[in-house]
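Asker: Structure below; questions to follow.
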Amino acid sequence: MSLLPYALARSFLFGMDAEAAHELTMDMLARGQRTPLQWAWCNETVSDPIELAGLRFPNRVGLAAGLDKNARCIDALAAMGFGFVEVGTVTPRAQPGNPKPRMFRLPEARALINRLGFNNEGLDAFVANVQRSQVRTQGRGQSKLLLGLNIGKNATTPIEDATRDYLTCLEGVYPHADYVTVNISSPNTQNLRALQSDAALDGLLGAIAEHREQLAAAQGRRVPIFVKIAPDLDEAQVAVIATTLQRHGMDGVVATNTTIRRDAVQGLRHAGETGGLSGAPVLEASNAVIRQLRAALGPTFPIIGVGGILSAEDAVSKIRAGADVVQIYTGLIYEGPALVGRAAKAIRDLR
């Protein structure tokens, strides 16, 4: 059980610039993991296993990509009670991301806006960090944490050459991932969301599917591939994406990323900042996409629901909308690690 009341830490962190607070937190987690300091945020892992895409998830609550872009804190995050952790987004080459300031809190709406732009240390450093994780080397028996590795393209790579970056990343992370997520939905890399369009998505997923089969044959292991999509899609676009996912044998979908809409935060400080909005205002838009995906994909296609979970009830709403498992990120910032267990127990109690 966590020894540190998160309200105390949050009061201190919220007095800082949002990105500076994030970096301080990640440094603390990286230094404290695998030491007695880890008890400050340690929580029991709720047992609520589910089989999806050939994987056994220990429970239905995971960490969304974006918090730990460089895979520095896997062991620390595992101690919070997550059933699965997704790290990244990683790109082939290191890149600084967009100019600062680029992360903003909207506390009145329990939300964040970021335009980080896939800032990361690159594929080689990312893989080295994954390999250092003790959770990955030791495992946890039947309750082994699952690890998702989230891949993207470099900002300097022309959109017409994006497939090359995704294939490079897929090959690099493949031996180390329980599943891979293809991120085509961040609003903070120019033209990236164009990859969600019919022809572009068809070409990209076709190439990824082909390369995955080559890697599976060479390594004797078929790693599931998920695709992360945006909430800013109409029903026709969701239907096209669903068809394309199935046509190319993708194993699941992550719904959704951040939104570029600002309807729910108009008039608030920082509401006009460019970037992706996450947190409570995204819940209903994300759930709507999940419902549309479930209707289009049928009852068995795996859906990871993410977007706007700040309470156990929010997590349950994702499951009721059609998600099989859920992920949190902004909720962790506002509510702290205890949210993981509360959400996992509420979902378990649905049974």
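Keep in mind that glycine also has a Cβ here, set from the backbone N, Cα and C atoms.
The shown structure was predicted, so the numbers you read here are calculated from the model rather than taken from an experiment.
From Swiss-Prot, for reference:
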type	residues	note
BINDING	A65, G66, L67, D68, K69, T89, N150, N183, K228, T256, G279, G308, Y329, T330	FMN binding site
BINDING	K69, N114, R115, L116, G117, F118, N183, N188, N257, T258	substrate binding site
ACT_SITE	S186	active site, nucleophile
Asker: Restricting to the chain of A65 (FMN binding site) and a gap of 6 or more, list residues whose Cβ falls under 8 Å of its Cβ, or answer none.
Answerer: E86, V87, G88, T89, G148, N150, T181, N183, K228, Y329
Asker: For S186 (active site, nucleophile), which of these binding-site residues sit within 10 Å, Cα to Cα: L67, K69, G117, N257?
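Answerer: Within 10 Å of S186 (active site, nucleophile): G117, N257.
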Asker: Among all the protein chains here, how many other CB atoms are within 10 A of the CB of N183 (substrate binding site)?
Answerer: 28
Asker: In angstrom units, rounded to an integer, how far apart are the Cα atoms of G279 (FMN binding site) and G117 (substrate binding site)?
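Answerer: The Cα atom of G279 (FMN binding site) is 18 Å away from the Cα atom of G117 (substrate binding site).
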Asker: Sort out the sequence-distant neighbours of N257 (substrate binding site) for me: same chain, 6+ apart, CB within less than 8 Å of its CB, listed by position.
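Answerer: Sequence-distant Cβ neighbours: N183, S185, S186, P187, K228, I229, A230, P231, G276, V306, G307.
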Asker: Enter the number of other CB atoms within 10 angstroms of the CB of Y329 (FMN binding site).
Answerer: 20
Asker: Between the Cα atoms of L67 (FMN binding site) and G117 (substrate binding site), find the distance and write it as a whole number of Å.
Answerer: 13
Asker: Can you tell which of N150, S186 has the least company, meaning the fewest other C-beta atoms within 10 angstroms of its C-beta, among these recorded positions?
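Answerer: Each of the recorded positions N150, S186 was scored; lowest Cβ tally within 10 Å is S186.
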Asker: Going along the chain, which residues six or more apart from K69 (FMN binding site) have their CB under 8 A from its CB?
Answerer: V87, G88, T89, V90, F118, N119, N120
Asker: Counting all other Cβ atoms within 10 Å across every protein chain shown, which of the binding-site residues G117, G279 scores highest?
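Answerer: Max Cβ neighbours within 10 Å, all protein chains included: G279.
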Asker: For a quick check of understanding: among the binding-site residues R115, K228, which residue's Cβ has the most other Cβ atoms within 10 Å?
Answerer: K228
Asker: According to DSSP, which of helix, strand or coil covers Y329 (FMN binding site)?
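Answerer: Y329 (FMN binding site) sits in coil per DSSP, no helix or strand.
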Asker: Using the Cβ center of K69, N114, R115, L116, G117, F118, N183, N188, N257, T258 as the substrate site position, which other residues in that chain lie within 8 Å, going by their Cβ?
Answerer: G66, T89, G97, S186, P187, T189, G275, G276
